[in-house]
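Sequence annotations record features per position, and here TrEMBL assigns active site, proton acceptor to A:Glu44, A:Glu44. What TrEMBL lists as active site, for glutaminase activity is A:Lys127. What TrEMBL records for A:Tyr133, A:Ser190, A:Lys196 is L-glutamine binding site. Look at TrEMBL and you will find A:Gly343, A:Leu344, A:Ser345, A:Gly346, A:Gly347, A:Ile348, A:Asp349, A:Ser350, A:Thr444 tagged as ATP binding site. Positions annotated as deamido-NAD(+) binding site by TrEMBL: A:Asn420, A:Glu449, A:Lys560. As annotated by TrEMBL, region 'Disordered' applies to A:484-515.
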2 protein chains.
Amino acid sequence: MPTLRIALAQVNSTVGDIAGNTAEIRRWSQAASEAGAHLVAFPEMMLTGYPIEDLVFRNSFVDASRRALRSLAADLAADGLGELAVVVGYVDADGPAAISSDATPGSGRRDASALLYRGEVVATYFKHHLPNYGVFDEDRYFEPGDALTVVRLGGVDVALTVCEDIWQAGGPFTAARRAGVGLVVNINASPYELNKDDVRLPLVQRRAAEAGATVAYVNMIGGQDELVFDGDSMIVGPDGSLLARAGQFTAELLVHDLDLPVAGTTPNQAGSTDAAKPPVEQEIADDMAIHRTVVEADLAALDGRRDGGVADRIADEAEVWAALVMGLRDYVDKNGFRSVVLGLSGGIDSAVVAAIAVDALGPERVTGVSLPSGYSSEHSKDDAADLAKRTGLNYRVEPIQPMVDAFLANLSLSGLAVENLQARVRGVILMALSNADGHLVLTTGNKSELAVGYSTLYGDSVGGFNPLKDVPKTMVWQLARWRNTQGEPPIPENSITKPPSAELRPDQKDSDSLPDYEVLDPIIKGYVDQDLGRAELIAAGNDPALVDRVLRLVDLAEYKRRQSAPGTKISGKAFGRDRRLPITNRFREGAGS
Amino acid sequence: MPTLRIALAQVNSTVGDIAGNTAEIRRWSQAASEAGAHLVAFPEMMLTGYPIEDLVFRNSFVDASRRALRSLAADLAADGLGELAVVVGYVDADGPAAISSDATPGSGRRDASALLYRGEVVATYFKHHLPNYGVFDEDRYFEPGDALTVVRLGGVDVALTVCEDIWQAGGPFTAARRAGVGLVVNINASPYELNKDDVRLPLVQRRAAEAGATVAYVNMIGGQDELVFDGDSMIVGPDGSLLARAGQFTAELLVHDLDLPVAGTTPNQAGSTDAAKPPVEQEIADDMAIHRTVVEADLAALDGRRDGGVADRIADEAEVWAALVMGLRDYVDKNGFRSVVLGLSGGIDSAVVAAIAVDALGPERVTGVSLPSGYSSEHSKDDAADLAKRTGLNYRVEPIQPMVDAFLANLSLSGLAVENLQARVRGVILMALSNADGHLVLTTGNKSELAVGYSTLYGDSVGGFNPLKDVPKTMVWQLARWRNTQGEPPIPENSITKPPSAELRPDQKDSDSLPDYEVLDPIIKGYVDQDLGRAELIAAGNDPALVDRVLRLVDLAEYKRRQSAPGTKISGKAFGRDRRLPITNRFREGAGS
């Protein structure tokens, strides 16, 4: 039984930065080679970044990806890494591409995996199952492959697959069983959701059973716009045993030795069924062709035995915090911002965003601005200053009253218009500081208040990135308490314990306008995240009057957003489902409709 | 040969307003009955509105659609319209739906057409070809049907199809030939693009030849968020002759008498080929089942002969103007706004938006605000006042200098930050008026300046709807000149002829920062709309230095938008392609990259 030393490169890539991604591949390939690996696998679309969306329709971009792949193979050989088999994701096209997104099916774009060896692209595989739900739109972008690629490497048959191929029964994994492979390499760009790691392991186990082979699953890390990727790469044996597993949100090379069957010796290849193998969950006909490539390679001798180990799982709060920190850091760094600015109200939301920003970027790249009005309480100002002191961020105070007074003296305004005016003056100041100093403006509204419209358009909603936009208020508190247990507490205790208030009029409290967050959040989750209707929410045990009140608030919030900012919908890409609703929508769930 | 009097109801529907859409169907069915029609056809998804996007994942919504269809059949009979066959689009599901958008394929949702007769749903058809390009994402929402529905009505075989079925060869139209039908009814929600009517007629002709049958094509009108539907319904004979055609952007009932073959007499049904029929463009195997329903109905005798006529095509400018007016009116009315407000600079963009708004809503529902600063020229203020007088809109003047001075006195700002501050103070004032009076704020930036980032985020970009966001500057001028030839000219000549300026610093002109719009617009069109790269743009005859300059501007504009408003991408839904680009994207087309 040959022993293959495999390295899974759980690393980061950046959309469009083909040169940077290529450098990253060469760097980690060097590390894999130094660890004695025979094969290193990189994530899906490593060369181009993921997701590339409509960039796929630009010929110059697809051509750049294809050219870069060939150059990479040559460069790796020039680096002295020719004997290392490198599996890498990229975008391919069937021929000289001349299409646009208006084309009818047949665009010829492929979400592809290639195996590079001795300076050549020796084999390619095109993703077969294309996800088209949640945050995925791959039916728009790609054509599915219909052949499995098997590479014989040092006497072991290795099948190449991509991401969604592992989420659906049938197709490549069934074909891999028929082909009798010893190893299936599955390269991924699988976005983080809370507790997604609990789903992945049983999934990889099912597919290993289906293929009757060891499965090596490698996933990327990093933030890309509203998505965050968490890694969690792993290797699972054909019997479902977890052989090795990487951490979450960590850049690492998971190196593990696998004893794999010699090619041609597995019973499946001869067409017989191996009763000793675990049963396949479902017998699914597959009509995939099998393309075989033989790489003439002697596997280098190994310096003892390498075990990748199984990394500990982390707590929910640690997982979410790590995702928020990574998502913000990558948004800032990949877009080339040097610094961020945010308003500090003394409340919990801006305090948590500031703590995330300082963890992500360091205090010297974060500016917090206290923007007090006549309605700001002393404790708010004190809590903002306390947070600044605890975190060490750059702190300044810009009272807003003179500007507010100028508007009030020249316009006849009352009630809500006056409340919103204060928030908008703050927005103008933050944007002016952004223009002057090049800061990215961070928004601090949590998902609960965004869902019910408890915010001011062009006011506290101003900003280029909002770490909390998919974090419900109850989880904001939970995160704050957890973070304060990790070393020096960054968040003032008073910001956590005091009743939340927008402070846009005297003695204002969130509870004047909203139900308690403990009862509000589950209804928002049901209505916004799970598409439950009124009857279903009541059947789930929520108070009917409360359900009606919250559904009215959410529907009205959609209306308020329409009034002023058509692009502004609630979206939950990082931690939930992408939500795509019509702006004009008269469907009402309320009683009697 | 039986004569079928068919009515195509080219009407409007509203997403989510099932009750309102139902009332519309009953009203137009009454009209069709009074015209003596045997069959009336309504557009795709008439019952629910189109597109419903993620609403399809809410069970309560799909259930409401299905219940409403059955009620509608009964209500039509109660209205005395039971003898009228009514074809109507709705959303269906295979069973009690219990899915979400995270589901893997098999959601069971259907984009459906039903034929109602004598109080019953006598037949249903599920759309076969699902578009998943441009503005369409139907693979996300629906499962394709795999059977053709044929209803024998008064001895004539009628096939039901939906929208995209007609845009692709093969499938239902091939099956219709095999089934030997006399008529194919194709119901549509086909969005407007410039000159799309030039594409539709040859398309319907090809499909009529493929089916060897008359094709009745009915399309909706109206605005839905960023989409506008233009109608252009038509009837084409099996020989490709255009028998009748409705207008563009008009609500109307196209009534036409068709002499159709008696069911069972067409050669195709017996399996033979009719050499006299026009050749099918491509022989395509179809494996669709054919579901036949026989409606026992005697066609009522006709009161003479009805010919729907062929409406004249309108000029390009008239077409675009009508689309902009309809899109704005429906956005305002369907969302329940009473009025709109916009800033009037005296320039061409705000003048054209004001003229569109007045045409759409009447002058009493439009408020124009002159917001002069110290840099505003006398002619700007005069031109704004002149426009107000010509159009009769509500006019007010709110000088911004006192508020700008308050900011400048309290913040240390210079250069671009001061320019942007003026635009943002204007935005705050417009939003305050919106809060106070409930106006929808209209944005006035044209596509050219949006593409190159020549606007201020949270400044002149403030607003809930921008009629010009997909209209290049050169077309803005073209539209203004055209509109001024239609009756009393609403737009001051000086606004059309003077050099464009943002007036944010002394003697500022657009030409200080941008190439001439005559050379800028073609490059934007190539890069943004057509996904052309640098080499392709140069090969198309554009000056290389200019291409590099414009590509840098467009890429930088994406960066500026990122800095402050992640949802704000250039999108061309109404008149071009939807564009979905990653926010974080380091791919650069510029020379040397």
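For all residues, glycine too, the Cβ spot is worked out from N, Cα and C.
Where TrEMBL records a feature, it is marked here on the structure.
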{"residue": "A:Glu44", "record": "active site, proton acceptor", "contacts (Cβ under 8 Å, 6+ apart)": "A:Tyr50, A:Gly89, A:Asp111, A:Ser113, A:Lys127, A:Val162, A:Cys163, A:Ile187, A:Asn188, A:Ala189, A:Met220"}
{"residue": "A:Tyr133", "record": "L-glutamine binding site", "contacts (Cβ under 8 Å, 6+ apart)": "none"}
{"residue": "A:Lys196", "record": "L-glutamine binding site", "contacts (Cβ under 8 Å, 6+ apart)": "A:Ser190, A:Asp230, A:Asp232"}
{"residue": "A:Gly343", "record": "ATP binding site", "contacts (Cβ under 8 Å, 6+ apart)": "A:Ser350, A:Gly368, A:Val369, A:Ser370, A:Leu371, A:Arg426, A:Leu430, A:Thr444, A:Asp460"}
{"residue": "A:Gly347", "record": "ATP binding site", "contacts (Cβ under 8 Å, 6+ apart)": "A:Ser380, A:Asp383, A:Ser495, A:Pro500, A:Ser501"}
{"residue": "A:Asp349", "record": "ATP binding site", "contacts (Cβ under 8 Å, 6+ apart)": "A:Thr444, A:Gly445, A:Asn446, A:Leu468, A:Lys473, A:Val476"}
{"residue": "A:Asn420", "record": "deamido-NAD(+) binding site", "contacts (Cβ under 8 Å, 6+ apart)": "A:Thr456, A:Leu457, A:Gly459, A:Leu504"}
{"residue": "A:Lys560", "record": "deamido-NAD(+) binding site", "contacts (Cβ under 8 Å, 6+ apart)": "A:Gly453, A:Leu457"}
Cα-Cα distance linking A:Glu449 (deamido-NAD(+) binding site) and A:Ser345 (ATP binding site), given in Å to the nearest integer: 16
8 Å Cβ shell about A:Gly343, A:Leu344, A:Ser345, A:Gly346, A:Gly347, A:Ile348, A:Asp349, A:Ser350, A:Thr444 centroid, ATP site members excluded: A:Ala351, A:Val353, A:Ala354, A:Ala384, A:Ser495
Number of other Cβ atoms within 10 Å of the Cβ of A:Ser190 (L-glutamine binding site) across all protein chains: 26
Spatial neighbours, same chain, of A:Glu449 (deamido-NAD(+) binding site) - Cβ under 8 Å, 6+ residues apart: A:Ser455, A:Lys473, A:Asp510, A:Leu514
Site diameter for deamido-NAD(+), Å, by largest Cα distance between A:Asn420, A:Glu449, A:Lys560: 15
Filtered A:Tyr133, A:Gly343, A:Asn420, A:Lys560 - binding-site residues with C-beta under 8 A from chain B: A:Tyr133, A:Asn420
Chain-mates of A:Asn420, A:Glu449, A:Lys560 with C-beta within 8 Å of site centroid, deamido-NAD(+): A:Gly453, A:Tyr454, A:Ser455, A:Thr456, A:Leu457, A:Gly459, A:Ser461, A:Ala557
Largest CA-to-CA spread of L-glutamine binders A:Tyr133, A:Ser190, A:Lys196, angstrom: 16
Where A:Lys196 (L-glutamine binding site) falls in three-state DSSP terms: helix
Assigned conformation of A:Glu449 (deamido-NAD(+) binding site) - DSSP reduced to three states: helix
Residues of the region 'Disordered' (A:484-515) by DSSP state, where helix covers H, G and I: 10 helix, 0 strand, 22 coil
Where A:Lys560 (deamido-NAD(+) binding site) sits in the secondary structure, as DSSP reduces it to three classes: helix
All-chain count of other Cβ atoms within 10 Å of A:Ser345 (ATP binding site): 25
